[in-house]
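Asks: So that we are looking at the same thing, I have put the structure below in structure tokens.
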Amino acid sequence: MQLQYWKNNRAGLLILGGFLLAVGLLSSIIPNIDLLSPESNYVGAILTYLTYSAGSQGFLITLAFFVAITALGTANKKQLLLLLIQLGVLLVLSFAAKSAMKEITQSPRPYTEALTQLDLVDSPSRFYTLDFATQNSIIEVASEKVSHWRTIHWQGETDYSFPSGHTVFVALCVFFFGGLFVKRKQYLMLGIVFAWGLAVAYSRLWLGMHRPEDLIGSSVVVAVIAALIPAPTQAPSSPSN
């Protein structure tokens, strides 16, 4: 069993490239999102739980699901171990890069513009000079005029916008699991991980947590890191779905 870079990662990189194009297309065709408009509980709940599936509340469940599907299709235990090591390295490097880039770019989240429109802060950048308690107090006041489906996320995430941690996670899943699903001809699972990734990306826009460039930048970050991490050669797998 050999570890190679481009050859063994090619399928995942192609799928991630398609995801990047899809995110760009999605961002260009959806109408401008008014963060101050009222929203239905149905839409708010769906997009909230989509975002949770890639956030601290649910990413481990999502990861366990895709890892279980991968394990069921991997007969060779040594190959499975190498795949899990590759996944672990990707997760660590991608989120380390995400955290570093947030501090370097210090891009305000879109919802800070809504707070400025409501005259609760002087400017988006001013919001980040306040302490955590004051930030949450301002968002609490904003919740009187903004859907609570949005403000519950604003209160939990008062850090910077670029890149999107949620999109880093879904882009990583699209690359890693999507690439495996293509190689194993598990096209239903490929469609599921791809559609889920796009849905999570949209939820981040709708909630006012990110701009399109945050989503695109996150995917590029994952692509660069993924291209540098070797992957094991595929061994024969058990029958696909």
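A Cβ is built for glycine as well, from the same backbone N, Cα and C atoms used for every other residue.
Not measured: the values here are computed from a predicted model.
I grabbed these lines from TrEMBL:
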DOMAIN    82-230  domain 'Phosphatidic acid phosphatase type 2/haloperoxidase'
TRANSMEM  12-30  transmembrane segment
TRANSMEM  42-68  transmembrane segment
TRANSMEM  80-101  transmembrane segment
TRANSMEM  164-182  transmembrane segment
TRANSMEM  187-209  transmembrane segment
Asks: Hey, which bits of the same chain come close to the transmembrane segment (12-30), Cβ under 8 Å, at least six residues off its ends?
Replies: 6, 167, 171, 174-176, 178-180, 182, 190, 194, 197-198, 201-202, 205, 212, 215-216, 219-220, 222-223, 226-227, 231
Asks: Residue list, the transmembrane segment (164-182) vs rest of chain: Cβ under 8 Å, 6 or more residues beyond ends.
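Replies: Sequence-remote neighbours of the transmembrane segment (164-182) are 9, 11-16, 19-20, 23, 51, 54-55, 59, 62-63, 66, 69-70, 73, 83, 86-87, 90-91, 94-95, 98, 189-190, 193-194, 196-197, 200-201, 203-204, 209-210, 214-215, 217-219, 221-223, 226.
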Asks: For the transmembrane segment (42-68), could you work out the same-chain residues 6 or more beyond its ends whose Cβ comes under 8 Å from its Cβ atoms?
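Replies: 84, 87, 147-150, 152-153, 165-167, 169-170, 173, 177, 193, 196, 199-200, 202-204, 206-207, 209.
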Asks: On the 0 to 100 pLDDT scale, where does the domain 'Phosphatidic acid phosphatase type 2/haloperoxidase' (82-230) sit on average?
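Replies: Looking only at the domain 'Phosphatidic acid phosphatase type 2/haloperoxidase' (82-230), pLDDT averages out to 95.
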Asks: Report the DSSP secondary-structure composition of the domain 'Phosphatidic acid phosphatase type 2/haloperoxidase' (82-230) as helix, strand and coil residue counts.
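Replies: Each residue of the domain 'Phosphatidic acid phosphatase type 2/haloperoxidase' (82-230) counted once, the result is 111 helix, 0 strand, 38 coil.
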